[in-house]
C-alpha cells in the first residue's frame, strides 16, 4: 500500500461498481487526518488540492504536494494525488512536476463550444504527460463563477450532451450536475438518481460527484449504486477540522501552542473520513 495513480484507483472502482472517495485538503494536518481515516477504514483515498488551496499556499502547490507525496508513500492504504478545479493553464502545466497523477480541468463556466475546445487542449496536454484528466459538464454551483441553484432550468447535465462532450474532448472522467452544490454545510441536497443512471448509460467514462458534503450519506451510497464512481468531499472535513479547533480554544482559551488545537482537529478529520470512505467504497455493486 503506497502512492498509486488516480487512474488505477478509478479504474478499479469503476470495474467493480463501487465508489472512490476523493478528499480535498488545504493543510498538512487535514491531509494527515484524511490518510489516518482511510487507514482506519482500510480503504484507498484520493488526496485533492484545489486551485484555491494552491492560491492559499502562496500560489504554489509544490510544497503541500511534496508533503502529500510523503504521506502517500508511507501510508498503509493506497493513496493518489489529484489537482482539482484548475482553470489556469499555467497551473495545469505544473500538475506532473508537482507529483499529481490526475487533474480536473474546469472550463465549466465557459460557453459549451469554448468549454469543449479548452478541455480538448487540456486533455491533449494531460495525456502527453501521462495524466488522467477529469472535466465538468453542467453547473454544480456553489462557486463564484457558477449559478447558485442546483435545480434551475439547464443546470443539470444532459446525457446526450455528456456523450457528445466526452467524445469531443477525450476526457477520462466526467463530473456531472445532478443536484449537489459545492461548499454546502448542511447535508440536505437531493440528487436525481434517475439522471445518474441515464448519464452512466450514456458515457463510457467514470462519473464524478462534486459537492458531496451536502448530500446525506445514504444518498451518496445510492448515487454510487446508480452509477457514480468518484465522490469528491471537502467542506464536511473542513467543518470538522475548524469546529475541533474552536472547541479547544473555547476550552483552553490561553493556549498558544498550535499543536494543542491541531491535534484534536486532525483527529476529528480522521473520524469523519473513516466513515465517509466506507460509505463511498462499500456502497454496493452495480453492473459496469
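Heads up, residue numbers simply count up from 1 along the chain you see.
Note: Cβ is positioned from N, Cα and C throughout, glycine not excepted.
Caution: TrEMBL annotation is automatic and unverified by curators.
What TrEMBL records for 84 is active site, proton donor. In the three-state DSSP scheme, residue 84 (active site, proton donor) falls into the strand class.
All protein chains shown were included, and the count of other CB atoms within 10 Å of the CB of residue 210 (Zn(2+) 1 binding site) stands at 30. Reduced to three states, the DSSP call for residue 210 (Zn(2+) 1 binding site) is coil. The Zn(2+) 1 binding site annotation in TrEMBL covers 85, 182, 210.
Here TrEMBL flags 106, 136 as Zn(2+) 2 binding site. Under the DSSP three-state reduction, residue 136 (Zn(2+) 2 binding site) is assigned to strand.
On its own chain, residue 136 (Zn(2+) 2 binding site) has 104, 106, 107, 108, 174, 175, 176, 177, 208, 210 as residues at least 6 apart in sequence with a Cβ closer than 8 Å to its own Cβ.
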